[in-house]
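Reading through the structure tokens given below for one structure.
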Amino acid sequence: MSSSSHSSGRRNYGLDVLRTWAVLMVLMAHGSAFFFAHLPQHRRLLDVLGWLGFIGVELFFALSGFLIGGILLRTGAELKHLPGIYGFWRKRWYRTLPNYYVYLLLHIVFLYALADFGGALAEQWRYFFFLQGFAWMHPGFFAEAWSLAIEEWFYLLTPLALALLLRLGASVRTAFVVVSVVFILAPVSLRWMISTWHPEISLDVHRKTVILRLDGIMYGVLAAMLFHYLPALFKKLRFALLALAALILFGMFDQQFSGHIDITRSRLFNTGFLAGAPLAGAALIPFFFYLREFFQPAVKFHYLTARLSYSLYLCNLLVLGYMVRHINPAAPLDGRGALMMMSFFILVCYGVAHLSYQWIEKPGLALRDRLPRKRARQAHGIENPVQAASSG
């Protein structure tokens, strides 16, 4: 299937729709901070927005897995050799690291400006190597970096695991199946054991610890494997998988808001629901992959937001912290005022994200795309809609 059937230029429209609403759910969840002054009457709204933010990040995991899985599948046997692995890493690093390190430094500067630094710098070196939440609770500093650490470790470990199996003589398909099983079963089993032996450990620890969440991205890789090996089935199952995703998400929503379980200490939530959310995200991918463009203003909005999504994710808490500290009305906000502040917060995030995309992310992508064509094909795969769905 050609990309032109379902995408504009190099991007897949349906996956950009998913990416757009994933980041908007995160922004709305964080923007709900402006309703805190009215917590009693807005409690349910805050809970729902928080749930949407949780789902938004899990959608990002699924989309990342689909992109990365497609790239690795097309790279195939080249992963046996160091140039193939390094080429993949280099492509990813050009895409993710420049923006990340700029925002890490901005967070450090912001912390200094708050005169709330203490001795924290001694611990912040971990952020430069994505070790801040590797096997322990992610700190509060640069809070959104927890999901980026999971993704970067997935980018690092998955090609190495595939390379090991390929060097041992496994076929590409067998290597992917084995690595997928291990990367799903190991974190799920760890979460189950920790929830059983240490029920006092909270949901946030399970959710934001690297070694406990690598399965979140692997569900997207499963979708990429289905597309790669059985493309006709991938298309045929899109409505059934959409129904499955809706069922999973409705079940999670019902369990969380019915009061049946305490999600902060629930073994079911820590184990099953932390798998169910990215699994639902992966199940949405086939339907959205074939979504056609309609209503041109919406198309432009989705392409713009998807292109800025990484910068939006990185900048939003920094923007929120500045606004809460420096744009604080003397009188408490009513509901309408809080909604206006949330809307203003999102607009400011778009402005900041546009600047960081133009000045940081886009130059990094341009440098990445100037790699020699032969090496680029080996490391990144021949262009198609899967690759284009999240490329800059």
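Cβ coordinates come from backbone N, Cα and C, glycine included.
Just so you know, TrEMBL annotations never went through curation; they're auto-generated.
Listed in TrEMBL for this protein:
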DOMAIN    12-349  domain 'Acyltransferase 3'
TRANSMEM  21-39  transmembrane segment
TRANSMEM  51-73  transmembrane segment
TRANSMEM  100-121  transmembrane segment
TRANSMEM  141-165  transmembrane segment
TRANSMEM  172-190  transmembrane segment
TRANSMEM  210-230  transmembrane segment
TRANSMEM  237-253  transmembrane segment
TRANSMEM  273-291  transmembrane segment
TRANSMEM  303-325  transmembrane segment
TRANSMEM  337-360  transmembrane segment
Six or more residues beyond either end and a Cβ under 8 Å away: which residues meet both conditions relative to the transmembrane segment (172-190)? 69, 72-73, 76-77, 158, 161-162, 165-166, 211-215, 218-219, 221-222, 225, 229, 271, 275
Residues of the same chain, at least six outside the transmembrane segment (337-360), with any C-beta under 8 angstroms of its C-beta? 24, 27-28, 31-32, 34-35, 37-38, 42, 98-99, 102-103, 307-308, 311-312, 314-316, 318-320, 323, 327, 329
The predicted model's mean pLDDT over the domain 'Acyltransferase 3' (12-349) is 90
Using a threshold of three or more Cβ pairs below 8 Å, and leaving out pairs closer than 6 in sequence, do the transmembrane segment (237-253) and the transmembrane segment (303-325) count as in contact? no
Which range wins on Cβ pairs under 8 Å with the transmembrane segment (237-253): 21-39, 141-165, 273-291? 273-291
